[in-house]
Amino acid sequence: MNIFEELKARGLVFQTTDEEALVKALTEGQVSYYTGYDPTADSLHLGHLVAILTSRRLQLAGHKPYALVGGATGLIGDPSFKDAERILQTKETVLDWSQKIKEQLSCFLDFDNGENKAELVNNYDWFSQISFIDFLRDVGKHFTVNYMMSKDSVKKRIETGISYTEFAYQVMQGYDFYELNAKHNVTLQIGGSDQWGNMTAGTELLRKKADKTGHVMTVPLITDATGKKFGKSEGNAIWLDAKKTSPYEMYQFWLNVMDDDAVRFLKIFTFLSLDEIAAIEEQFNAARHERLAQKTLAREVVTLVHGEAAYQQALNITEQLFAGAIKNLSAAELKQGLSNVPNYQVQAEDSLNIVDMLVTAGISPSKRQAREDLQNGAIYLNGERLQNLDYSLSTADRIDNQLTVIRRGKKKYAVLTY
């Protein structure tokens, strides 16, 4: 199976400009290709991982990747399938985000070894050197307004309004392809399927300005079995930066994917062979309640993104919280595992009597209910049942002298911090 066949088998090929010519190029020699990442935030997220890992698969097959950070295009904003104009960031912010994205990409692509080692480029380097007049004369003249208006990404914004700034975005992205081809002989661009219009602007410019043929391959935008956009949990993006989304949160995200998605995601997001995935699928289908596919997915992706130690920690937090063994975890681990739990900052004037604290921290709605909860054995202090109505919290109840965990029943938690 050649690399293109494997990408197809994994569900990673959505659309290509000329499949036959692309397969020929990929099987007959080394292809230089690029994927672009606009710095629209200070971290990449799971949605970016599809293109990143596709790029890595091609590199492992002997092809040479260029990772383009859009220091210039990030200042403009891509209108593709956005309902409204993006808020423009300052140059300083975009340059800072560009640097952080570069660092993240180096975790996935090999920038150090072999003749096909990855290269990092930033389109700010060339756009900052070209004048507006030169850009209009040398690049803009190759694009008709009719051609630009025909793009779906533009059509969807015509009625609500699109600025000239965003309208010109596709020309800038097209010039990226031309520039990389001229300097590095890049002949293939990879991106999400929503980028098709912008990406083919590059092949059009190559054809008109240099009489060369470029290839485009898009990867699908991933949705779950219900059609919901992939990569978000409770409306929040799952970031690749551990400071924004902890390894534990990422582990839980993968652990909770639906059965109908789990095997498909193993093909897309892991480097397990297709034969290994087929074997996992067989075991998974025989005993879905054991969630083998989800557990494998969580292990593989968290290890890939954050490393083995972070995966082991996420697994340990999961197991200890499930067992209610709060004292087996450090304060740092509890902050990861209980990041979505209500947090109460204990004040100097607060009563430390357990009945009072249950009400103050929002665990019980009233003192009467708090007493009943204690008497009924529903209250747990750092994982241990507490029934003493006269108990007062002390420094001995603080894990790592930082926090105390109170639970009512099985699921209602509060974290007290000091």
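Glycine residues also receive a Cβ, built from the backbone N, Cα and C atoms like all the rest.
The feature L-tyrosine binding site is assigned by Swiss-Prot to TYR34, TYR169, GLN173. Using a 10 Å Cβ-Cβ cutoff, TYR34 (L-tyrosine binding site) registers 25 neighbours.
Nonlocal intrachain contacts for the motif ''HIGH' region' (39-48), taken as residues 6+ away from its ends with a CB within less than 8 angstroms of a stretch CB, comprise 69-71, 74, 77, 86, 94, 96-98, 100-101, 104-105, 192, 221-222, 230-231, 237-241, 244, 253. The annotation motif ''HIGH' region' is assigned in Swiss-Prot to 39-48.
Taken from Swiss-Prot, the feature motif ''KMSKS' region' covers 229-233. Model confidence over the motif ''KMSKS' region' (229-233) stands at 69, taken as the mean pLDDT rounded to a whole number.
Here Swiss-Prot flags LYS232 as ATP binding site, drawing on sequence analysis.
Using DSSP to sort the residues of the domain 'S4 RNA-binding' (352-418) gives these counts of helix, strand and coil: 19 helix, 20 strand, 28 coil. Marked as domain 'S4 RNA-binding' by Swiss-Prot on the basis of sequence analysis: 352-418.
With TYR34, TYR169, GLN173 listed as the residues that bind L-tyrosine, the site has a largest C-alpha separation of 18 Å.
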